[in-house]
Amino acid sequence: MVTSKESKPLRLTLPQTFIDNMQAILGSQTDSFLNSYNEPRTYGLRLNPLKAAALDKILPALTEQFGLQPIPWCATGYYYNEEFRPGKHPYHAAGLYYIQEPSAMTAAELLDPQPGEVILDLAAAPGGKTTQIAGKMHGQGVLVANEIHPARAKILSENVERCGIVNAIVTSAAPDELSRRFPALFDRIMLDAPCSGEGMFRKDEGAIAEWSDSHVAMCAARQSDILEHAAIMLKPGGRLVYSTCTFNRSENEDTIHAFCLAHPEFEVSQIERVWPHESRGEGHFVAVLHKAKPSDVVADACSSHASAAEDGPAERISSSAQTVTAPKLRAREARSNSSRDRGADRGRRSSSGGAGGSSAADMALLHAFCAAALPGGAGLGPGEPLRFGDALYWLPHTNSGSPIRASDLQGLKVARPGLHLGDIRTNRIEPSHSLALAVSAHAAAWVQSYRPDAPEIAAFLRGETLPAQEGSSGWGLIAVDDLPLGWGKASGGQIKNHLPKGLRWFK
Ligand SMILES: C[S@@+](CC[C@H](N)C(=O)[O-])C[C@H]1O[C@@H](n2cnc3c(N)ncnc32)[C@H](O)[C@@H]1O
């Protein structure tokens, strides 16, 4: 690979201090490592298990079309040929895959998320690890995806939506804000820490210009600080995965070593490095830690959490917080947990605010919508409806309780307090794009599904009206190979396009 402006081999642009640091780590392998900077970068995508029903049929053609080759460390990961630009394909708009740097796929594999757990992705934007974790949870349990920067949290939320994730809450908070609220709550935590990005040099030459020793030191200090908060939020017996896309020891082994010295309740079970001169990937560091016994930090934080909850800020979200039976949402989505079966009360205020107080009316509208537009069911897991202005969300629960209640989210910046079901209008619900991407095409009252190269798909993605098949009326889905792309509303032989304007393709 060469620099675009001067055709100078990338290796020659690397800072000398960086080269010296790498020499100290890699010794005789340094030359081979540095030569990797003159090789082309790698491109990867990860298939979305939440779209598994359509995948089997599509995969053989997809493999051929994008030149897919398996990534050895991730069963759903594939290298692709960049010339095929899978990010511009209708399958991408339908959430069939997530484009992700191959070595970055290691971290969520080692987190080993399980369906039904309560999991935090603490530094989550743009959503590579979040979507990978969600794929392994199969819509069961609760996933909190947090990103400190609001603009990046919006992108994260859009990726959660595109991938059809039903059980994620997306927040935009500093780690200390979360650790005050959620001590010892999570079964697993992913901390893909902000870092000096030495593994990004091939992908983004700007990262070379930003690199300095002092930046590395600043990143290491910030990582240690974030790790402290992750430690507070992990349950005893829980698993914490720490990862970076940088190579130096200060931000990797040294950070983990210092953390474990300060936290004897943690032990490291595995350290993995993906090196660009050994594997087809840009490089990653992953440490797997286990929290063995209750820590004093947790006890302290519990008491401060309790008082923080008592003094909680003004309500920004209202919730019905009632046991909701949703018979017309069908089977597993009808489950909502009563206060009786909630997990142990960790000193939080109950979420009985209900300032909107219109949950029964909201649910009646939702039932009516589902009966007409989604007779096959919405596919939601256990949860409760949550009003946020006019927007109606489904706050996810686990099978045994509601680990995060509406009141826990009060005063936090929340990009998405669960699946956005739709917006309440006078006497009706306008379904959200998130709901279209989360349901099965076959659950809809009508679906018009086309091959990816059909002119109707391009027209739909441009926001145009489509002709309706005979007999269709009301809400239904436009799909590509049975993968929903968005809502349409049929009337008088025409389908009005409800793809959000921001997602439309240009002519
Ligand atoms: C390596 S990126 C995360 C990539 C993401 N996990 C993925 O797989 O798509 C690190 C993230 O940490 C966020 N960040 C920056 N400063 C932070 C801080 N002080 N606390 C928590 N997160 C921070 C950055 O905005 C960035 O989105």
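Every residue, even glycine, has its Cβ placed from backbone N, Cα and C.
Automatic prediction, not curation, is the source of TrEMBL annotations.
Per TrEMBL, the candidate among Asp187, Asp192, Asp204, Asp213 that belongs to the S-adenosyl-L-methionine site alongside Ala123, Ala124, Ala125, Pro126, Gly127, Gly128, Lys129, Glu147 is Asp192.
In the three-state DSSP classification, Lys129 (S-adenosyl-L-methionine binding site) falls within a helix.
Of all the recorded positions listed here (Ala123, Ala125, Cys245), the one with the fewest other CB atoms within 10 A of its own CB is Ala123.
A mean pLDDT of 96 is what the model gives for the domain 'SAM-dependent MTase RsmB/NOP-type' (33-292). Listed in chain order, the residues near the S-adenosyl-L-methionine site other than Ala123, Ala124, Ala125, Pro126, Gly127, Gly128, Lys129, Glu147, Asp192 are Asp121, Thr130, Ala145, Arg152, Leu156, each with its Cβ within 8 Å of the site Cβ centroid. Here the CA atom of Cys245 (active site, nucleophile) lies 13 Å from the CA atom of Lys129 (S-adenosyl-L-methionine binding site). Ranked by CA distance from Cys245 (active site, nucleophile), the binding-site residues Ala125, Gly127, Asp192 have Asp192 at the top as the closest.
In the structure as shown, the Cβ atom of Lys129 (S-adenosyl-L-methionine binding site) sits within 10 Å of 25 other Cβ atoms.
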